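Going by TrEMBL, these are the annotated features:
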- HIS2: Ni(2+) binding site (BINDING)
- CYS73, CYS76, CYS115, CYS118: Zn(2+) binding site (BINDING)
Amino acid sequence: MHEWSVGEGILRSVIDWAKENNINSVKRVKVAIPSFTFLEADILKEAYDTLKKGTIAENSVLEISFKDPVFKCRNCGNIFTIREVINEVEKVKDEFGEEYPLHLMSGLAPAFIKCPKCGSNDIEVSSQEIMIKGVEVNGTP
Ligand SMILES: [Zn+2]
């Protein structure tokens, strides 16, 4: 269900942006999603395609790419990606099932993730936002 609220959020941003820029038809929307939100791209697309009907984004295609969040340990300075701590994240996912906290509050991630080098929980997360990377409008080459 999370996909639907994300889809709605993306669509709303695109529509607001288009209105501000006097654009009346959107062709393509590119988004980058942090991989550890575990959003299903297919469901997100389906949500977007359903929600866009009747809006200026009706004929647009949603293009989804995933990006790996990067973490920095404040204790030892180690920089690591989600791939290095995926087992810890999976553990949390198993415990909480579909609605596990990372889904809703990615800011909580450091509570579950330990630095693979020194074991500290003092972790900074970067690039965990869903980002609209680009919007193509009709008339764009
Ligand atoms: Zn560390």
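Glycine is treated like the rest: Cβ placed from N, Cα and C.
Locations of recorded TrEMBL features on the structure.
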| residue | record | Cβ within 10 Å |
| --- | --- | --- |
| HIS2 | Ni(2+) binding site | 17 |
| CYS73 | Zn(2+) binding site | 22 |
| CYS76 | Zn(2+) binding site | 12 |
| CYS115 | Zn(2+) binding site | 23 |
| CYS118 | Zn(2+) binding site | 12 |
Measuring Cα to Cα, tell me the gap between CYS76 (Zn(2+) binding site) and the residue listed as 'Ni(2+) binding site' in whole angstrom.
35
Whole-number Å distance between the CA of CYS118 (Zn(2+) binding site) and the CA of the residue listed as 'Ni(2+) binding site'?
34
Cα distance, CYS115 (Zn(2+) binding site) to HIS2 (Ni(2+) binding site), nearest Å?
28
Any further residue of that chain within 8 Å (Cβ to the Cβ centroid of CYS73, CYS76, CYS115, CYS118) of the recorded Zn(2+) site:
ARG74, ASN75, GLY77, ASN78, PRO116, LYS117, GLY119, SER120, ASP122
Through the lens of DSSP with three states only, how would you label CYS73 (Zn(2+) binding site)?
strand
